[in-house]
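Since the structure comes first, as structure tokens, the remarks are kept for the end.
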């Protein structure tokens, strides 16, 4: 449920900076120490925020609440709550950091209404998938974003990829496929609301497809309105997301008595009867908003490649924590599939780093 596009580039603004000195003399040593400290701060922030959010997401999708041991079946409500919190959060950030700046050159809010449709549908599918597959399976499936990107690039645009890039895709696709085909432990299956692996994986891949369109459209908006910052995008996306989810979850149930989709009134009632759920939802949303702060800081200071490395590591840590702490035991074969996926992702990061260094040498 990422609220804004993670961005591209190293945030250097085209200025060539000299390498920090490592001899400990002068201000160079201090600069290196400060950069390491900021990087450590970013790593700690991203990992703590999103790992905590993952634990809360898994808790809300599997735990039984109250004396009647009822499930919180309104997982789509999490997307609505995230929209509201991130809208308020981005509004505050804009007022704090760019309150006096001119809106000229920044995308108007009306530009986000179309792309916010896919940004509303996609994350909802990803959350709903937790009714049918385990959290580690969802993380793995959503880590295979390169597969639909390369597939669409090859079929629609005739893009040619290198052999190492195909090898990365093979590792990721093979790891996700083998994980899906391997038998899930009975303990994990019992925690799911409606175990259905094909449906769960289908929802995750549809989530990826919608995210791909969302991300590319956000890039287009940014290129047309270059003064648009991440908070502007976050504000616009979540404003329209809040409107759409309000219509779907609150207006539609009033108009249609047999409304088949998520009912916001029932979700609110469940939270009133089980305050623990309301607290978990609030913390889930705040973790997402705070995590965005650290992502923006990482990209602006160290570039998108560093951010990708941190988030990939975080996903692996989330699977480990889910397996060890949250009671989703994985077999030896399943751990092999996990390693296969993250080997492919790590190799992809290495290829991007190598290309980046090649471009720097040419310049």
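Numbering starts at 1 and runs along the chain as it is shown here.
A Cβ is built for glycine as well, from the same backbone N, Cα and C atoms used for every other residue.
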Transmembrane segment per TrEMBL - which of 116-138, 139-161, 277-299:
277-299
Sort out the residues at least 6 away from either end of the transmembrane segment (36-56), same chain, that have Cβ-Cβ distances under 8 Å to it, and list them.
135, 139, 280, 283-284, 287-288, 290-291, 293-295, 297-298, 301-302, 306-307, 310-311, 313-314, 317-318, 321-322, 325-326
Do any residues, 6 or more residues outside the transmembrane segment (233-256), come within under 8 Å Cβ-to-Cβ of it, and if so which ones?
3-5, 76-77, 79-80, 82-84, 86-87, 89-91, 93-94, 107, 109, 111-113, 115-117, 119-120, 218, 221-222, 262-265, 267, 292
